[in-house]
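Quick notes on the structure that follows.
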There are 2 protein chains.
Amino acid sequence: MGVVDSLPGRRARMVAVGVIRSDADLSTDLRLLKIAEGLDAWLDEHVPDVVAVERVFAQHNVGTVMGTAQAAGLAMLGAARRGVPVALHTPSEVKAAVTGSGRADKAQVTTMITRILDLDEPPRPADAADALALAVCHLWRPAGALQGGDRHELTPAQRAWAAAEQAAKQRPRR
Amino acid sequence: MGVVDSLPGRRARMVAVGVIRSDADLSTDLRLLKIAEGLDAWLDEHVPDVVAVERVFAQHNVGTVMGTAQAAGLAMLGAARRGVPVALHTPSEVKAAVTGSGRADKAQVTTMITRILDLDEPPRPADAADALALAVCHLWRPAGALQGGDRHELTPAQRAWAAAEQAAKQRPRR
């Protein structure tokens, strides 16, 4: 779980970071309950304008994909119950957004998100750094990935980011 | 969705059958919300002693497995939120329970569940028949598949079924 605020000038500030854990000895139903309760607590505490969730593909990691898909489903449900728009980004999009390469490794993502958010120390575990990177990825490309079409009106902050991104695209890159 | 009551003598009675649908044009978050709301309504109306869910495998049907896994996750979550035990059965177990063959086709499952529940006409669509077959499968083998160990004490009805099943095993088969 990573919560960020958008600041002017394509900057972002970390609000909170953490991991929701469930006991691997519990049955799947009770693990999902634990995760859903954790998600509810985060959503109720931080009241996000948008929730970004990693897009999971069935092709990869057959052993863990079911649980990952189910946890992602709970995040989407928690957001939808609160009327909060959901955005999906692929791991490659997230890596590319924060490191410049869609094939960056976990260490690079951690290094870059620590720098981007001006953190005193790298977020641990790597999954927490991934969550922050996903949030920053979404801040930097808010318009494209939102689900649900016209249901999802952009917040003022998102509009500002979209405008900044548009402006950045029109400037020549070094 | 299929709801059955257990009757004495390994018989079962259909209480309700149906399908929860979500508009394929909606985004995933809103489809999951729709399904969760449907599940909540069924659970609150019927107050089941146990919820049986199909065990999904990542190997099969890569195209639909993510959505199926997420819907199954919502069913498990809905049950867990209400303190209702969850049982998982594989499609093969369900087919074997109602037709005698783990490789039966959908038509056989529909034919047999119509006969077992003494229905006037076959449940439609086939997914609804599958749900009833899953419920009957669980009635006929309640003890083995329950998740969560000692959290899940059997209800009196389940104990009766387990005892009946045990007794049936001890009788010679024709």
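Backbone N, Cα and C define each Cβ position, glycine as well.
Per TrEMBL, active site is recorded for A:Glu54 (among others). Within the same chain, the residues at least 6 positions away from A:Glu54 (active site) whose Cβ sits under 8 Å from its Cβ are A:Thr68, A:Ala72, A:Leu88, A:His89, A:Thr90, A:Pro91, A:Val94, A:Asp130, A:Leu134, listed in sequence order.
According to TrEMBL, the feature active site maps to A:Asp127 (among others). Secondary structure at A:Asp127 (active site), taken from DSSP and collapsed to helix, strand or coil, is helix. Counting every protein chain shown, the number of other Cβ atoms lying within 10 Å of the Cβ of A:Asp127 (active site) is 14.
Look at A:Glu54 (active site): DSSP puts it in a strand. The annotation Mg(2+) 2 binding site is assigned in TrEMBL to A:Glu54.
Taken from TrEMBL, the feature Mg(2+) 1 binding site covers A:Asp127.
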